[in-house]
Every structure is written in C-alpha cells, then in structure tokens.
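Take a look at the structure below.
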C-alpha cells in the first residue's frame, strides 16, 4: 500500500500553505507536570523542520492522555509546546482550544515558517467518534494534511481519518513513512531468515500477531509471562506463574500450527523463579519441568538466552515485540537485556535488520541505552501490533495513494 509522502512535496507545493500535521505527542509526565521522555516529540521534528524550511505555516494537532471528551487542565499541551519550542529553537504558540473562531484566527495570522500547536483534540468527544462536523472544523485551519502520528494511525478518529475528507493532498510524514517502510517491509519482503521475538505477559494480547507471524516467519521465539500458558497446556506444573486458563487450547493450537507450517517455535527451557512478585524476591534458576509450589517465573533463564542468541545469529531480519521478563525489576531483567544487546550487536556487525515493535520492548532498549544501535524503533504500540497482524490502519488508508 504505497501512499503519497511529504518527501514528494517541495517548496512550490508548500510555500505559504497552511499544513495541518497530526503528530503523536502523548508523552509521559511526572507529578510536577514535567516531561520524563520526549522521544515522541523528537520523532516528529524532521517533518516539522521540513515544513518550516519549505516556508509552510505549520499547524500541529495532537492528543494527550484520556480526558474523555472534556477539558482537563492536567492534560493541556502546555509542557509539550514548551519542549517543542526548545527543540525547534523558535516559539510554538498553543491555542486555548483546537477548534473555534479564536483558534482559526491564530492559524490565519501565521507567517511562513511559524508553528502553532492546537490544544488537545481529545477535549472533544467528537474526536474519537470520528465526527465529520468536528473533522471539518479541524480541517478549516489548513490547506493540506500530513499524518505523522503512527502511534494513532490504527484509530479511525477525526484528526487521523475524518480530516482527510476535507484536505487535499493528505500525505504521510517522514516518521509514518519510515514506520511503514520497516514494519510493512519486514512482513511483505524481508531478508531471510526472518525471526520474531514475542514477549509480554499475556497470550491474549498477542494472539493476532502470533497467528499472523506463523505465516511469515522462519523462526519465532516466545518469552515473558505468556510462556507459562504454553507450559501448562503441555501439562507441566508452573507453580504460581501467570497463566491464562482460558487460552490453553489456543496455546496448543499455536504450537501445532507452527509444526505444520515448518516454523521453528522456540520456548525457553529454563526460567528464573521468584518466591514473590517483588524486586527483592528470592530467586533461583529452574528447568521448566521442575517448577513447583509457591514459585513464579519472572524471566527466561541463562540456557534459554544462549539458545535464543544462537537462533538469532542465523537471521537477517528480526522483529521484537514484548519483554522476556519483568525487566522493571533489575533482578529479572537479564533475559530482556541479553536480547537487546544481541540485537544491537547483530545490527552493528552483521547488517541484520532489527525492528523493535513498540511498547515495553522500546522502553527496555532505551533503558539499556541501545536504541541508537537498532535499525528501527517503532513509536506505536497498538499500531505496530495491528500492522504486524496484517491489518489495514485507518489513518494510513485515508491518505492519498502515491
């Protein structure tokens, strides 16, 4: 699905034009209202700077938190406007509301190269309902549209889909274009062997991905809390480890499917057990057939790490989604950190394409200080999963075809 991108527009298309850009500025704040991680803001800078440098008037639309269709003073974009001003080295004004006469007057008064941030679009319930009247009001700010919010591209909302009915051209920004290139490319035309590492606590949240990847991958490695549902389905004792009792048949089916399709499905052979869910818990390493009593598995074990590393060394494209254990606790972060280091090394020294597919695995890679070493780090959690599942993203489908 090839979409028109911002790179196809030059100064003749952009000079003096008001461009509505949907960005993903849903960043974490601490209790003092300060941004603790500005990755998403920095990710949008190339698109914004391209528009500034081509003399466009830039109008940014973003959501923040879940204000449930009402103004919530704690969810205003004030800290975002301040951080963006610092990163761009120019003032970014913030409107009091994303629609209305006052906001439109502000967008109409912009000079070429100016940047205006519209207040939180989710202060209006119509945003998430994809209300076309609301979309029309948002669109009235601008002459054309750029979607650079991959993290929200799986939502059919007014600012991601509705506005494209009223603005032309509607194109992909650089971040969205890069996400599609890597994630879609890894699924449609990867360098092989292709491996996926799927982690996280629940099979239920990764069913679609695992199912879809079984049709695409040469190898799949599974880690995280979800492994215990597979073990229990095999009839093993898992102690007090997390298990989704209603997904045991599904786990059996996935193993059978992998076998039938000739996909190498690797599950850990040993795990790190804890006597309680705590960073200071007593821990021990155990083979998967020796778990019992009050122990719970919180990480993959050292033997499994080696097996996974050897399997990954043979691959040319690797997608990673979900941690191997409770990496927030240092004691149970070894599996996740080892995978992160392995991928960074393969990326750097073996020209392997490494894609970190959103969510907790991104946090783990950043915590390990290895983000720069990966081929691609996805900014979208749900959007990455849906793309890997082979679903069409509404925010992408709505853009003009190339």
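Backbone N, Cα and C define each Cβ position, glycine as well.
Around the Cβ of residue 122 (substrate binding site), 24 further Cβ atoms fall within 10 Å across all displayed protein chains. According to its DSSP assignment, residue 122 (substrate binding site) is helical. For 24, 25, 26, 40, 63, 64, 65, 66, 122, 155, the entry in Swiss-Prot reads substrate binding site.
Summarising the annotation, Swiss-Prot assigns ATP binding site to 206, 297, 328, 358, 359, 360, 361 and lists sequence analysis as the type of evidence. Taken residue by residue with DSSP, residue 206 (ATP binding site) is part of a helix.
Residue 24 (substrate binding site) sits 14 Å from residue 359 (ATP binding site), taking the C-alpha atoms as the reference points. Contacts of residue 359 (ATP binding site) defined by a Cβ separation under 8 A and a same-chain sequence distance of 6+ are given as 200, 321, 322, 381, 384, 385, in order along the sequence. Compared over the binding-site residues 24, 328, 360, the count of CB atoms lying within 10 A of a residue's CB peaks at 24. With residue 122 (substrate binding site) as the anchor, the candidate binding-site residues are 206, 360, 361, and the one with the nearest CA is 360. Calculated from their C-alpha atoms, the gap between residue 361 (ATP binding site) and residue 26 (substrate binding site) amounts to 18 Å. The binding-site residues recorded for this entry are 26, 63, 65, and the Cα of 26 lies nearest to that of residue 360 (ATP binding site).
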